[in-house]
Amino acid sequence: MDYLDLGPYSSASGTVRLPGSKSISNRVLLLAALAEGETTITNLLDSDDTRVMLDALGKLGVKLARDGDTCVVTGTRGAFTAKTADLFLGNAGTAVRPLTAALAVNGGDYRVHGVPRMHERPIGDLVDGLRQIGAQIDYELNEGYPPLRIKPATISVDAPIRVRGDVSSQFLTALLMTLPLVKAKDGRTVVEVDGELISKPYIDITIRLMARFGVTVERDGWQRFVVPAGVRYRSPGRIMVEGDASSASYFLAAGALGGGPLRVEGVGRASIQGDVGFANALMQMGANVTMGDDWIDVRGIGHDHGKLEPIDMDFNLIPDAAMTIAVAALFANGTSTLRNIASWRVKETDRIAAMATELRKVGAIVEEGPDYLVVTPPAKLTPNAAIDTYDDHRMAMCFSLVSLGGVPVRINDPKCVGKTFPDYFDRFAALAKA
């Protein structure tokens, strides 16, 4: 097995420029592909998840010209030209969910599949929503999960569409992005959400990006959304992808744990991503955080000089960045509780189980619940722990922070960070100091 040994490190400081946001990159690629006109996307993330989206769009007949982190997309005016395609989408939820919806109304015959873990990640709530407007979608193996066969269908909207919001916000995102392509009798489509909508900031990203492409979604709280029907996305001409706020969390935590000062560039006050809220969680734990429009500075205590404060917080709004808090809790002076994180169970791996298992390897006492995690740090971290990463990029990046506790740590299968941040460990090593 491939592995990477890190540390021991005693401090972390410097400046890091973030790669483009995965969530924004894949949304913008699909919107640009469906739009009228040519869109130049800058600071586009280059990672496994964006590559599978680009590959799929190419197979669907979208004209793409890539040069470094810039991509010029020639829009299809709402309909992909390829009416048959076999699309492999890896483990990219940000690709498989929105593309499934767009393909369901495109009038073609498509197969959508991915890696084995993708075939364990639920998609049934989205399929149920699409079937309400006439979509013809079959499950190849297990009911409610990919692989999917999508067939030509007569699509019509004559009643509000209902979709569950308590498993993944990507189901609602997929519907919102696709419904402008579908005609409705009164020129609009209503989507009603069943249950508590999780990850609300990601829906906000979707709505803001749709507006950049000329389509305005109205919402009544987080339970009812009104989408213009039978309209066309229009290219904004040029759009820049802001830095990835989830990826920022590892460096911000490094600054807090390793003393700093550490500056992250590419996200800040002006960010449309909810995960910038991670900075507030760090502040609650005692880190010193300042923020500009597109940068965040953090100074911490350094493990030799003190401890972070424990935290007890609802992380429903920022579940991805919350993983970083679970590891930062190793450096607190008491027990921390992460609440309302049930969505971790259906991510790249069962992140609650995985996080509990790996935190115990470095000496923590962990209580694992259906939607919560309680972490009591050890008096001293266990050196040379071999951390399994479960083909989950965030597990690998989170546990790099253990090395700032003055102990070496081994990260198994470090290449899994390629999903969102291929050169993460090089960037981390440039900031961490022995």
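Each residue, glycine too, has its Cβ placed from N, Cα and C.
Database features, via Swiss-Prot:
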- Lys22, Gly93, Arg121, Gln170, Arg351, Arg394, Lys419: phosphoenolpyruvate binding site (BINDING)
- Lys22, Ser23, Arg27, Ser168, Ser169, Gln170, Ser199, Asp320, Lys347: 3-phosphoshikimate binding site (BINDING)
- Asp320: active site, proton acceptor (ACT_SITE)
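Here the features listed in Swiss-Prot are placed on the structure.
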{"residue": "Lys22", "record": "phosphoenolpyruvate binding site", "Cβ contacts under 8 Å, 6 or more apart": "Leu45, Ser47, Asp49, Thr50, Thr94, Asp244, Ser246, Thr420"}
{"residue": "Arg27", "record": "3-phosphoshikimate binding site", "Cβ contacts under 8 Å, 6 or more apart": "Thr94, Pro98, Thr173, Met177, Ile205, Thr206, Leu209"}
{"residue": "Arg121", "record": "phosphoenolpyruvate binding site", "Cβ contacts under 8 Å, 6 or more apart": "Asn91, Gly93, Tyr145, Pro146, Val346, Lys347"}
{"residue": "Ser169", "record": "3-phosphoshikimate binding site", "Cβ contacts under 8 Å, 6 or more apart": "Leu197, Ile198, Ser199, Lys200, Tyr202, Ile203"}
{"residue": "Gln170", "record": "phosphoenolpyruvate binding site", "Cβ contacts under 8 Å, 6 or more apart": "Gly93, Thr94, Arg97, Pro98, Leu126, Tyr202"}
{"residue": "Arg351", "record": "phosphoenolpyruvate binding site", "Cβ contacts under 8 Å, 6 or more apart": "Met323, Ile341, Trp344, Arg345, Asp392, Arg394, Met395"}
{"residue": "Lys419", "record": "phosphoenolpyruvate binding site", "Cβ contacts under 8 Å, 6 or more apart": "Ser47, Asp48, Asp49, Gly90, Asn91, Ala92, Glu348, His393"}
Distant-in-sequence Cβ neighbours of Asp320 (active site, proton acceptor), under 8 Å, six or more positions away: Ser246, Ser249, Asp275, Arg394
